[in-house]
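Peer 1: Dropping the structure in here first, questions after.
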There are 4 protein chains.
Amino acid sequence: MLAELKGMNEECGIFGIWGHADAAQITYYGLHSLQHRGQEGTGIAVSDGKSVKLVKGEGLVTEIYTADAMKELQGGKAAIGHVRYATAGGSGYENVQPLVFHFQTGSLALAHNGNLVNAEQLKGQLEGQGSIFQTSSDTEVLAHLIRRGGTALYKERVKNALSMIKGAFAFLIMTETEMLVALDPNGMRPLSLAKLGDAYVVASETCAFDVVGAEFIRDILPGELLIIDDNGFRSEMYAQSSHQAMCMMEYVYFSRPDSNINGINVHSARKRLGKKLAEEAKIEADVVTGVPDSSISAAIGYAEAAGIPYELGLIKNRYVGRTFIQPSQSLREQGVKMKLSPVRGVVEGKRVIMVDDSIVRGTTSRRIVNMLRDAGATEVHVVISSPPIKNPCFYGIDTSTREELIASDKSIEDIRQIIGADTLTFLSAKGMVEAIGREDGSETGGHCLACFTGKYPTEIYPKQHKEEHEESDALTAKN
Amino acid sequence: MLAELKGMNEECGIFGIWGHADAAQITYYGLHSLQHRGQEGTGIAVSDGKSVKLVKGEGLVTEIYTADAMKELQGGKAAIGHVRYATAGGSGYENVQPLVFHFQTGSLALAHNGNLVNAEQLKGQLEGQGSIFQTSSDTEVLAHLIRRGGTALYKERVKNALSMIKGAFAFLIMTETEMLVALDPNGMRPLSLAKLGDAYVVASETCAFDVVGAEFIRDILPGELLIIDDNGFRSEMYAQSSHQAMCMMEYVYFSRPDSNINGINVHSARKRLGKKLAEEAKIEADVVTGVPDSSISAAIGYAEAAGIPYELGLIKNRYVGRTFIQPSQSLREQGVKMKLSPVRGVVEGKRVIMVDDSIVRGTTSRRIVNMLRDAGATEVHVVISSPPIKNPCFYGIDTSTREELIASDKSIEDIRQIIGADTLTFLSAKGMVEAIGREDGSETGGHCLACFTGKYPTEIYPKQHKEEHEESDALTAKN
Amino acid sequence: MLAELKGMNEECGIFGIWGHADAAQITYYGLHSLQHRGQEGTGIAVSDGKSVKLVKGEGLVTEIYTADAMKELQGGKAAIGHVRYATAGGSGYENVQPLVFHFQTGSLALAHNGNLVNAEQLKGQLEGQGSIFQTSSDTEVLAHLIRRGGTALYKERVKNALSMIKGAFAFLIMTETEMLVALDPNGMRPLSLAKLGDAYVVASETCAFDVVGAEFIRDILPGELLIIDDNGFRSEMYAQSSHQAMCMMEYVYFSRPDSNINGINVHSARKRLGKKLAEEAKIEADVVTGVPDSSISAAIGYAEAAGIPYELGLIKNRYVGRTFIQPSQSLREQGVKMKLSPVRGVVEGKRVIMVDDSIVRGTTSRRIVNMLRDAGATEVHVVISSPPIKNPCFYGIDTSTREELIASDKSIEDIRQIIGADTLTFLSAKGMVEAIGREDGSETGGHCLACFTGKYPTEIYPKQHKEEHEESDALTAKN
Amino acid sequence: MLAELKGMNEECGIFGIWGHADAAQITYYGLHSLQHRGQEGTGIAVSDGKSVKLVKGEGLVTEIYTADAMKELQGGKAAIGHVRYATAGGSGYENVQPLVFHFQTGSLALAHNGNLVNAEQLKGQLEGQGSIFQTSSDTEVLAHLIRRGGTALYKERVKNALSMIKGAFAFLIMTETEMLVALDPNGMRPLSLAKLGDAYVVASETCAFDVVGAEFIRDILPGELLIIDDNGFRSEMYAQSSHQAMCMMEYVYFSRPDSNINGINVHSARKRLGKKLAEEAKIEADVVTGVPDSSISAAIGYAEAAGIPYELGLIKNRYVGRTFIQPSQSLREQGVKMKLSPVRGVVEGKRVIMVDDSIVRGTTSRRIVNMLRDAGATEVHVVISSPPIKNPCFYGIDTSTREELIASDKSIEDIRQIIGADTLTFLSAKGMVEAIGREDGSETGGHCLACFTGKYPTEIYPKQHKEEHEESDALTAKN
């Protein structure tokens, strides 16, 4: 079932700036700081007020934007950029964003983070009316809806189009004369506004503001349409804001530790997740170690709360890239390691608590547990700073590379045996919400917990078959 | 003066294996784990007992060894490999190692980590006798010395040649029939031996053994020549071992935290350096943070000893590579950051202790201190887990990119003012030796501290002008 | 005025095959033989009956179709391919053909040779109705017209669309189930049909049939729509055929000498142009030489008719490609030559007749005349195997690189002085038509002579400003 | 036997210039005009009087010398360059010339056209004395011989070294202060001197002089050593000149038609070979055609002498390069052609005389004969403008790609049957020498005819096993 979604899921990063003489350069550094949100492809579209130019390609920010490429983008005063997540299937140059459309009357550039749940339905209707799509990206649907809007004013056509699409989305829409910024009615993806001199900057994460030296103003609101032009910015609501449902995974593993989401620092949130986990788990051990990079903060928090020394028990090789040659099965069996190495000098003869952010298929966890034991750990206790993932995500977290969710049909004790840990503990959903520390009276604290609970904040369309799972209460399994 | 040495300094990593059906593949993974020791170039030479094949190039391990390249290396049973440090000047394809020489009677492959201090003298003599050099690398001198050895037995010619070269060196020498392993008489560079099934493995750092699944046997001894062939290995001493002088910088910042050098784990050694520093510094503050990556361990140790929370106050962007476009001066002044970002959510309103491994020119330190203040730190205390570097290195640590040693002619108080810290504290040389924890009765504990103390363990040749510096006692400066 | 047309002119080559197990490979060799018709870019789209795959890129056939690329195209039974002419302006990956459009109900691939004269008008109307164009190529207009055809049958929609476009065009349209082949009502571009075993092949020139071993059946008719599918082919006329107007430049310089156009071999036609020219010119000289490559046949014909020896008086360097570094002005003045060299041993002390196919700006002719004089020619007589070009082409011959037509406002005597020839003779339009030897009672013999005469065979639209030029009668100028 | 020679044979092109501000650029254009002499690799070494810089690589002139590469070479006043022939085996970056050697006292750059017959013997001796070779090229032997020359003056050491090497050679030797030019005692390779303003130019063929605008002075003499420096040039003889033995293949197919060798224009020489062949062959036919490119001149001469029309019966595709994908056996059998196509419109129903320069293995000839018959030729008469090749070349003509000389053990009638011609006629050796038209009283006219006659002008060394062949008198076979 998850395979059906391949190539449609797009957890990405977007960045935009209006009114700066170095618009393309600033966007380059902004995208660079968002590179962790997508490594498949990237693009920058710039506008000089008269026309829109585009450079894009499949690869990293540092690969696509050569000195020559940057020269092509010079002279713009506004820009939007995009980094795209590597999905197994739906890749291809034409799907790299921003998408730019040229008309006899002007241009339209779009950058999108999120996933529409009714894209296929809308696309079918549009093709029936003679529209030709250039990409397999759901982003393009919005462009056709806007252009099909007939004789209405441009802004009204955009608002109508936004009200027709469903799902999780953060959009940047640039023409020669203005930049529109839109967030879905549930506010499922992070998107914030800042000021850089006289220019306005929008980005998926606030870390991009720090990197380019911009000053944070506020987060974009659910259902909001922001219009930025040479006169400044003004806000309109194109939809009634529903209750917010910010993706919890942004805190758990996706965002950068130096970003603030809804005003909460990600590193600190993760540290609190680790502390809460220590309170729930209560395990005796000699050292605490985290799986780099996303679990380091939680491990530090765990160690601090549990009073156990935090150590570098696992080292990540920084030089593993696209062109790394994976060891053959035979070499793996002989003990050749890839990305992670255990630090024998640290774990030998020790009872080790290994902190990770989540378990998807269990394969990686099993490999790390084995690795630690081979390096001499006498006990390996796995603690996870989020609840078991039992349900697919339809809003852009790439569950297509997170196939075969081990927790969807296995008990925690089963999983513990599969990964070979002495004990296995997941953080409770309640503990997670408390640790994030954003009180809004609701059970979710204003977050989307669908992958843990199966409660989706939006309607789900036919192709997205929904399975219900019973929640079990126990979060710990012991050997 | 340092500029004279450009291109001769070669801190690198070497890896060799004898007697394994996947010799080239194992070497690939071994070199990959040593990539931090050199990113300029890399090569692998393999022998199938009849001939020696070579693949090398300028770039990273993952860039040079394509699937096609690996196919060329298939079928060998022995291999030596090399990763080369990026020096400003003396680059070039021909200098990438291993160097391989083909004769009508067989081949000779060499890989070298270290730096010879009398290379120019020997090269001049050899050219006077009609020798033609192919490279500007000092490694080639050894090949000519061996070939000029006349009618003596091969092994004797190698021993004679080794006794003629001076400086820091770890050599791998491979022919169709055997592999020779040699370490300089002071043992200034790390080099260890392990077993992988029936095969023998040699590497600059033990982390390479863990990555390929090999079992550590022992370190190579100063002045030792190891001969490995199909009958196993045997050891001979080609020189009287002097007192050992292992480069202290290997512990402080160069080696990987999961390696053991002379039996001491690098992460743990760094943590002890941090603890010792906390004892010496005694600073009041709210958070401790380390400059990634090399100072993380010291910062954890400092925090633990001082009882102050350890936080991620600085984030390193993982995607900065060769092709990253540096921001212009104007963009830097507007606040665009490059590799490091401060974590505002962590440092704002806090008194911050910033741990770093060393200060060379001071420029980087000043930038980081500013960055932390801009992000809201109320105080910034810089603590350094090694003494001030006052003297150049002639043994391979690339002081050519470490020009203008700020501590060579400035007091600690001067440096503090330049970098703008509230206080600046260096670890004492005595504290450093104690923290490493290798007792041999000597003042240096068997290490080379020349860059701190100016006391060089070997003779220094004319071109290597030696300046004496007065040591000052005070290691701390306060605002 | 010509600059306005930049990027719209597309003299290209197309090739299609239906019903062959090696469809992509055959298309590769077919396109390779048509490479002279376009070097800017190339693409192949293949259909396996279920889906359409595309490989395309900017560059030569041998550059774009790597072994890996060909693997992607394997398994198809039908294919269409395209080579694109290098125009100064309107380049870009997205404009490389075939254009392939994917719908929820199937795919559509288009390859086009020619130029539409009402593309801008149609595009404006379609955008007004909400269509989004992906390219700046006029080829895409046809796709939108077909898709906008509402509920009519596919074939009828194609016929309607074809009747709406005006100009010169040869189209290949491939879906999963059939291949459509269409030629404009004046038959201005060459397009022929052949058989290869059980498969049908269509190509711009018959040389492609010889290269792939296919057997010529017949030429496609003006106004014809051919439908090829697994049942064979059938023909329909979508338009009343007007009098034919095959582009005369196809004979004069564009097509390959081994192709037959309308049953006439191009080499033989050129030889007859040369003979007719010799009859008209009657010049005394010692040697005849042709400007390689396109004027070799005419030169041989001239020599044969005039009884003067044919010699290689000019040599073309075969290795000049895109990456050749043009000599600076200063080096040119010192005598550095680029593509052509004179053969001193042949022309020294001789009266030389230099045969060329046309004069556009005169710059090249002047350079060659100078070159021959510098190499010792005592007289240089320039003879041109076509009349003076006085008018722009709107049908695809790239007059945008043929700017500043020297003959549009200069007399032949003026041109002679500018190029520095002893005499200059153009072939008469009447002689040209007679030499081609295709009698149809008309003045043009069924050809388009618009660039010589200003009489355009189709309506011309507003942007294509038409200038009338007086024809002068004299075709020869003497010093 | 020929396989033993693989990689040692080097028919190449060399170019040098002394005293010109654009030395590298001039060399670029010179090498470009010599590209036909070698497509495997190319290099340029420049000297600015203080140091020697080198750019080289595997590929064409237009591939290796990018704008960036040319920038590196700027500022020199002297340069030598090389284009290298593609041999099957002995390729590799390190073998690309010029070879440049750097010493503490200066540099030495070498470029070589030809082949030494005693290279292996000399190399063995030098390695025994401790020399290390960098390449498998025989060119390097000369460098070692010069450097081993002890305390003698540089010029004397060069002359001694030249007298030790045997075979065919043309050498350019550049240091910071002078350029030496040397030709073997038999003058087997072409090498000429010219003047360009105040600068001196040396090149393998005179076509290079025409391309760069230089004025021919004279040919280099057999056994001559020319010394060029800032004071002009002076000549010395390092060896007694034997009778000259210029390689006949330079005229027959290797050199460019616009070059003069020993004062004779190559195109004109080939035309005379064709005329002489027409006199000897006396065949009735309708058309004469040549195999492009090397046989075009001979075909024109044949047609003129025989009074039969010369036609383009065969077309060569200009776009076949290294990356062209050869058709599979199956596709070839279906009729897919590669480099050559027949011109059906020219040969259909005609008796065709096909002129070629030589037959090596017969495979190509058979393919072309078949091609012409398939295109409708009623008779195909093959005439060859040189005698049968019966013996290997040890002087640099790449017989390693000319393996299995069909004429070494087959009669002309056998060959005729194998290639399927109606008649097959070779030019007689006597006719060939007469046609070249250089009278020196000798039987060979001062040429090397060893491949035809087996009479080698120099001593041949052990590895170069020499087979004697009986000459048959008959040169024609008829069906």
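Along the chain as shown, the residues are counted starting at 1.
From the backbone N, Cα and C atoms, a Cβ is placed for every residue, glycine too.
From a predicted model like this one, the values you see are computed outputs, not experimental measurements.
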Peer 1: In TrEMBL, the Mg(2+) site includes B:Asp356, B:Asp357. Which of B:Ser294, B:Ser297, B:Ser411 does it also list there?
Peer 2: B:Ser294
Peer 1: Per TrEMBL, which one of B:Cys12, B:Cys393 shares the [4Fe-4S] cluster site with B:Cys247, B:Cys448, B:Cys451?
Peer 2: B:Cys393
Peer 1: From the Cα of B:Cys393 ([4Fe-4S] cluster binding site) across to the Cα of B:Cys12 (active site, nucleophile), what is the distance in angstrom?
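Peer 2: Here the two Cα atoms are 15 Å apart.
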Peer 1: Inside 8 A of the center formed by the CB atoms of B:Cys247, B:Cys393, B:Cys448, B:Cys451, which other residues of the chain have their CB, for the recorded [4Fe-4S] cluster site?
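Peer 2: Neighbours within 8 Å of the Cβ centroid, excluding B:Cys247, B:Cys393, B:Cys448, B:Cys451: B:Met188, B:Met248, B:Met249, B:Tyr395, B:Ile397, B:Leu449, B:Ala450.
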Peer 1: Relative to the mean position of the Cβ atoms of B:Ser294, B:Asp356, B:Asp357, the recorded Mg(2+) site, which additional same-chain residues have Cβ within 8 Å?
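Peer 2: Along the chain, the qualifying residues are B:Val252, B:Tyr253, B:Gly290, B:Val291, B:Ser295, B:Ala298, B:Val355, B:Ser358, B:Ile384, B:Ser385.
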Peer 1: Looking only at Cβ atoms, how many others are within 10 Å of the one on B:Asp357 (Mg(2+) binding site)?
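Peer 2: Taking all protein chains shown, B:Asp357 (Mg(2+) binding site) has 22 Cβ neighbours within 10 Å.
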Peer 1: B:Asp357 (Mg(2+) binding site) to B:Cys451 ([4Fe-4S] cluster binding site): how many Å between their Cα atoms?
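Peer 2: Just about 14 Å between their Cα atoms.
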Peer 1: Using the alpha carbons only, what distance in Å do you get between B:Cys451 ([4Fe-4S] cluster binding site) and B:Ser294 (Mg(2+) binding site) once rounded?
Peer 2: 19
Peer 1: Rounded to a whole number, how many Å is the Cα of B:Ser294 (Mg(2+) binding site) away from the Cα of B:Cys247 ([4Fe-4S] cluster binding site)?
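Peer 2: Between the Cα atoms of B:Ser294 (Mg(2+) binding site) and B:Cys247 ([4Fe-4S] cluster binding site), the distance comes to 16 Å.
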Peer 1: Tell me, if you would, which residue among B:Cys12, B:Cys247, B:Cys393, B:Cys451 (recorded positions) has the fewest other CB atoms within 10 Å in the structure shown?
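Peer 2: Looking at the recorded positions B:Cys12, B:Cys247, B:Cys393, B:Cys451, the Cβ with the fewest others within 10 Å is that of B:Cys393.
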Peer 1: How big is the Cα-to-Cα gap, in Å, between B:Cys393 ([4Fe-4S] cluster binding site) and B:Asp356 (Mg(2+) binding site)?
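Peer 2: Here the two Cα atoms lie 20 Å apart.
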Peer 1: Over the domain 'Glutamine amidotransferase type-2' (B:12-231), what is the model's average pLDDT?
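Peer 2: The average pLDDT of the model in the domain 'Glutamine amidotransferase type-2' (B:12-231) works out to 93.
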Peer 1: Counting all other Cβ atoms within 10 Å across every protein chain shown, which of the binding-site residues B:Ser294, B:Asp356, B:Cys448 scores highest?
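Peer 2: Its Cβ has the most other Cβ atoms within 10 Å: B:Cys448.
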